[in-house]
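S.K.: Pulled the feature table from Swiss-Prot, pasting it below:
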| type | residues | note |
| --- | --- | --- |
| BINDING | 16-19, 40-42, 75-78, 98-100, 127-131 | NADP(+) binding site |
| BINDING | D100, D130, W154, Q160, G161, T179, R205, H255, N284 | substrate binding site |
Amino acid sequence: MGGVTLEKIRIGIVGYGNLGKGAELGIRQNKDMELVGIFTRRNPNSIKPLTEGVKVYSVDSARDMADKIDVMLLCSGSRTDLPVQGPEFAAMFNIVDGFDTHNKIQEYFESVDAKAKESKKVAVIACGWDPGMFSLNRLFGEVILPEGKTYTFWGKGVSQGHSDAIRRVKGVVDAKQYTIPVESAIELVRKGENPELTTRQKHIRECFVVVEEGADKERIEREIKTMPDYFADYDTIVHFISLEELKEKHSGIPHGGFSIRTGRTGINNENKHTIEYSLKLDSNPDFTANTLLAYARAAYRLNKEGVFGAKTVFDIPPAYLSPKSAEELRRSLL
């Protein structure tokens, strides 16, 4: 295989928000891939891609390009978009997505799997960093330390969903919400003390909020702090700031977190062990997009071998993520 020019994997991107833009840039770093087109629900003429020469199409015209795209990256939201788009696109393409509503993954998997099996395509779902990379590390932790406890901490980072929830409060102009892990809780876990931690003991939510002139700040703060599913179960800090300060100091989309497994071995369980995987990301969408691209390579290869149906990170051999041959991997990384 050495010296032979391989055909490039032809990638399509559905959705051109932060994740779609991250995928477009990520393709530049993967020499075995090329971007065929971006698909949007907006007016295609209103979008100016970062890459010269890349065409933008209406999402409705995707079905006409089934023979021109090897893998479609679905860079849409998990709440309302992916539950519809996942099955729809799996009926036509190999797909990859970062579906991240944890408690609905099995239901989503089943709906995508049915369509991918009908079309004989591969659909890799939920393969960002959590679910995704963290999921793999939780699995490794459980099988290596069967008697133990798994902990996941997120942050410090911007939560897009929580920021959106604040923006929906009457009188709010704009907002950013940071999820912050509680350091003392992480230290207890790292010591192998296996603490039972409540939601409130693991994370703090810090909000930077811009409000309309004359808005009732007390009411807004109360509405944020008591919002079910988002803030009611957490210690929440609310800061009211100007729009200028929000743009100047809070325009990035950083994130990160820790996946930790603690356990014991030995005749009397006297030996403590800790497995820790952590991420510190300047750009959550850029990093997530790069994980989707690695799994796009795997989806393409598996489908070439005659595999089809929905898959998760648990089902994909790690070697399929890499552009290197099996021999190169053994020589360079094993």
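A Cβ is built for glycine as well, from the same backbone N, Cα and C atoms used for every other residue.
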S.K.: Counting only residues 6+ away in sequence within the same chain, which have a CB under 8 Å from the CB of N284 (substrate binding site)?
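M.R.: Result: G157, V158, I253, P254, H255.
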S.K.: Work through the binding-site residues one by one (D100, W154, G161, R205) and name whichever has its CA nearest to the CA of R42 (NADP(+) binding site).
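M.R.: Closest by Cα distance to R42 (NADP(+) binding site) among the binding-site residues D100, W154, G161, R205: G161.
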S.K.: At the level of the C-alpha atoms, what whole-angstrom distance separates D100 (substrate binding site) and P131 (NADP(+) binding site)?
M.R.: 6
S.K.: Max Cα distance spanning D100, D130, W154, Q160, G161, T179, R205, H255, N284 (substrate binders), Å?
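M.R.: So the binding residues stretch over 19 Å, Cα to Cα.
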S.K.: Compare the Cα of G161 (substrate binding site) against each of the binding-site residues L19, G77, F99, G128, P131 and report the nearest.
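M.R.: Ranked by Cα distance from G161 (substrate binding site), first place goes to G77.
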S.K.: Look up G128 (NADP(+) binding site) in the DSSP assignment and reduce it to helix, strand or coil.
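M.R.: DSSP call for G128 (NADP(+) binding site): strand.
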S.K.: List nothing but the one residue from G128, P131, G161 whose Cβ has the fewest other Cβ atoms within 10 Å; the candidates are the binding-site residues.
M.R.: G161
S.K.: Closest to W154 (substrate binding site): which of the binding-site residues L19, G77, F99, G128, P131, going by Cα position?
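M.R.: Of the binding-site residues L19, G77, F99, G128, P131, P131 has its Cα closest to that of W154 (substrate binding site).
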S.K.: Look at each of the binding-site residues, R42, R205, and point out the one with the fewest other Cβ atoms around it within 10 Å.
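M.R.: Across R42, R205, these binding-site residues, the one with fewest Cβ atoms within 10 Å is R42.
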S.K.: Can you grab the distance from G77 (NADP(+) binding site) over to R205 (substrate binding site)? Cα atoms, rounded to a whole Å.
M.R.: 22
S.K.: DSSP three-state call for N284 (substrate binding site): helix, strand or coil?
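M.R.: Once the DSSP labels are grouped into three classes, N284 (substrate binding site) ends up as helix.
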S.K.: I'm trying to understand the geometry here, so how far is the Cα atom of R205 (substrate binding site) from the Cα atom of Y16 (NADP(+) binding site), in Å to the nearest whole number?
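M.R.: The Cα atom of R205 (substrate binding site) is 28 Å away from the Cα atom of Y16 (NADP(+) binding site).
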S.K.: Where among the binding-site residues Y16, F99, W154 do you find the Cβ with the fewest other Cβ atoms within 10 Å?
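M.R.: Counting other Cβ atoms within 10 Å of each of the binding-site residues Y16, F99, W154, the minimum falls on W154.
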